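A.B. asks: Dropping the structure in here first, questions after.
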Amino acid sequence: MGDRACCRNLVFGIILLTLPASVAGLGFVEILSVTPTAVSPTAVSLSELKELRPWQVALKSGGNLRVLDSCHLHMNTVPAADDQDVIIKNMEKCKLDFTHWKEPLYLAFSSETDPVAYNMTLPRLLGSSTHMVCSSKHSPSVQVCLRVHLAVLCGTYYYGDNCDVYCRIQEGEERYTCDPRTGLKKCANGYRGYGCMIKVFLDQHDARTFLHAHARSKRANTGWLGTEEVLAGNLERECVEEVCSWEEANEVFENGERTREYWVRRNDPNQCDSNPCVSEGTSRCEDLFQNYRCHCRQGYTGSNCHINIDDCGTNCQNGAICTDLVNDYHCTCAPGFRGTNCEININECQSNPCQNGATCQDGANRWSCQCAPGWTGVSCQLDINECMSAPCLNGGTCNNLQNMFTCDCVQGFAGNGCEINVDDCYLDQCLNGGTCIDLVDDFSCICPPGFSGMTCEVNVNECESSPCLNQATCIDADNGFLCECLPGFNGTLCDHNIDDCAVNPCINAVQCIDGTNDFLCICSPGWAGKTCHINVDECVSLPCHNGGTCHDLVNEYRCSCLPGYSGSECEENINECSSSPCQNNGTCLDRVNSYTCICPPGFSGTVCEHDIDECASQPCMYDGTCTDLTDNYMCMCTPGYMGRNCEHDINECLSGPCHNNGSCVDMVDGYSCLCQSGYTDVHCTTNIDECHSNPCLNDASCVDGVAGYSCLCRPGFSGILCEQNIDECQ
């Protein structure tokens, strides 16, 4: 069996179903057929592909591939031949629902539960199309594919090329049906117009009945609420001669467009009834006057949409064979290629045949390995032994590694090949400037003066004789010593006391007295500190009062007073009321650096200089005029108002000006009378004459009353208006 034994329980790839977001009415994808086939130099037997059934088709969505709908496909027929590539057709159809689903969709075909990631994007078109999904999981040299023929369909109640036409027949509806291809409303016999809302008559009898029932036009020669056809003297003639003509129809519809639509439908049959346009969802027929027009779906052309457009062109690449479909094409790829246009070179390196870090180079239906250093073989599976050439010298042991070797050298030798005699002095074993002499696997040191020991590590101590004076610290050095003196002493042995006054450390002093590593300064008056550098602060005692600022001087101070205070220490408060600043008998209150005026009623301001305007708040209402007084105001009211603030509306109806039970309505500076029926004028004093319009007919006499009248008819007439001629013949 060879590679073909790996084809059992094969898992096929995923078709990525990407549909346009603008097509809201999509709803189903229907699997029309699935054809397994082998694409390889060696044929796959029929018995092996039969192991793959039953097929599972799953419609999935989202990053976690949640299953929305699924179905199973079973083989119906198989060919008899067993020595060639197998084609199994006529599988059961299944219809998967994805109505209103917005996320990307995937179609997974498998004979197991988990698909491998072979993605293919479906076209953003309605209708049927064919796609190839392949798997080379079992071997890079044998590839088994599924040729999937599927159709993307509109959802329930959606029609048209873009599923954007919604048509749903309500229960009991008889005026129209939905066109199965376009979704447009097809009016039933006897209905026309937009939405099939116009019910039309189809023969002369119906026309006469319709005209008499719906005639609305009123001609110049017609009488009271009648048409020409029903006037006295014409009725018998019209009833005999009435036929359905353009003029009669236009009189009924009173609209040229509606009359034209009816007349065409009545005299010109529907040219689309014979289905001249090719069916099977490829066209839509538009009825014209004594003609028709075919609107072809994508992929068809011609006057009757009978020509299938050749979609092949130059789409298929890399030697593929193109098969023309309806508004689509299918490419049968040469071995080693896949994709809608066979534009993708199948990566035979996907199974990682090269080992040990080798680089796989993909070719057309083949692969080769470029081995990493240290490896060889077709798949770079063999390790090269670098110890075969005996690279280790001087008795070293060779260790073979990947793309390299290492040598375990005997003691005294080093280097990658143990070729170097180790210098035992290379680590500077001799200390303190000692000279190293290399020996065989050993060394010796020649020490400088002041040092001893195997590596010159021992320093000879010259401080053992305590040469330093005045409690100085002795520090042993190379072949000598160093004295570290206490403060105040210097010299090689620290035998000299330093004069600390020699550098004149005292500032503002009268005398410097030297000590041991110290000095004493006698300061001048007003100065202090170790070196008399500190000016004594006479402000520490806070001599300045009332927030005054103290300025320190040499052996004295000066106060800067806040505004409102005076004196050497700011102890005096200045009286700002002494100048009598408050006006209009205001009372002055002295403050710190200020004063406050308490004003009498009617005055304001910092010094009571402003007379308060009591009219500023506009107390007078309804356009009253305000006059300002001292601590008061007075309002002059407009006509019709009164009160301190003109807030009261004067009621002019109190005098009872309206007569004859008229109602008085109070207004601003006036009133209005609402008269009882039959009376008029300003005060309702005038009785209206209802006979003024001469309502009585046929020379009758009119008698005026209150809110009415009566007619006295002449002999031979009757009625409220004497409008009826009495028929003395009855």
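Each residue, glycine too, has its Cβ placed from N, Cα and C.
As annotated by TrEMBL, signal peptide applies to 1-25. The domain 'Gla' annotation in TrEMBL covers 222-268. What TrEMBL records for 268-306, 308-343, 345-381, 383-419, 421-457, 497-533, 535-571, 573-609, 611-647, 649-685, 687-723 (among others) is domain 'EGF-like'. Residues or ranges marked as disulfide bond in TrEMBL: Cys277-Cys294, Cys296-Cys305, Cys333-Cys342, Cys371-Cys380, Cys409-Cys418, Cys447-Cys456, Cys485-Cys494, Cys523-Cys532, Cys561-Cys570, Cys637-Cys646, Cys675-Cys684, Cys713-Cys722 (among others).
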A.B. asks: Roughly how many angstrom lie between the C-alpha atoms of Cys456 (disulfide bond) and Cys485 (disulfide bond)?
C.D. replies: 30
A.B. asks: Just give the helix, strand and coil counts over the domain 'EGF-like' (649-685), going by DSSP.
C.D. replies: 4 helix, 13 strand, 20 coil
A.B. asks: I need the nearest neighbour of Cys637 (disulfide bond) among the disulfide-bonded residues Cys333, Cys380, Cys675, Cys713, using C-alpha distances.
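C.D. replies: Result for Cys637 (disulfide bond): the nearest of the disulfide-bonded residues is Cys675.
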A.B. asks: With every protein chain in view, how many other Cβ atoms are within 10 Å of the Cβ of Cys409 (disulfide bond)?
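C.D. replies: Result for Cys409 (disulfide bond): 21 other Cβ atoms within 10 Å.
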A.B. asks: Summarise the domain 'EGF-like' (268-306) by DSSP state, stating how many residues are helix, strand and coil.
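C.D. replies: Across the domain 'EGF-like' (268-306), the residues distribute as 4 helix, 14 strand, 21 coil.
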A.B. asks: Within the same chain, where does the domain 'EGF-like' (497-533) have neighbours whose Cβ lies under 8 angstroms from its own Cβ atoms, ignoring anything closer than 6 residues to its ends? I mean 6 or more beyond.
C.D. replies: 486-490, 554-555
A.B. asks: Any idea what the Cα distance is from Cys277 (disulfide bond) over to Cys494 (disulfide bond), rounded to a whole Å?
C.D. replies: 128
A.B. asks: For the domain 'EGF-like' (268-306), could you work out the same-chain residues 6 or more beyond its ends whose Cβ comes under 8 Å from its Cβ atoms?
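C.D. replies: Residues packing against the domain 'EGF-like' (268-306) from afar: 125, 127, 161, 179-182, 184, 325-328.
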A.B. asks: Specify the nearest of the disulfide-bonded residues Cys646, Cys713, Cys722 to Cys447 (disulfide bond), where nearness means the distance between Cα atoms.
C.D. replies: Cys646
A.B. asks: Counting only residues 6+ away from its ends, which parts of the chain sit with a Cβ under 8 Å from the domain 'EGF-like' (649-685)?
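C.D. replies: Hits for the domain 'EGF-like' (649-685): 622, 638-642, 705-708.
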A.B. asks: Using only C-alpha positions, which one of Cys294, Cys409, Cys485, Cys646, Cys684 is spatially nearest Cys722 (disulfide bond)? These are the disulfide-bonded residues in the record.
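C.D. replies: When the Cα distances are compared, Cys684 comes out closest.
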A.B. asks: Excluding the flanking five residues on each side, which residues at least 6 beyond the ends of the domain 'EGF-like' (573-609) place their CB within less than 8 Å of a CB in that stretch?
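C.D. replies: Same-chain residues near the domain 'EGF-like' (573-609) but 6 or more away: 546, 562-566, 630-631.
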A.B. asks: As a quick check of your reading of DSSP, tell me how many residues in the domain 'EGF-like' (497-533) are helical, how many are strand and how many are coil.
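C.D. replies: Each residue of the domain 'EGF-like' (497-533) counted once, the result is 0 helix, 16 strand, 21 coil.
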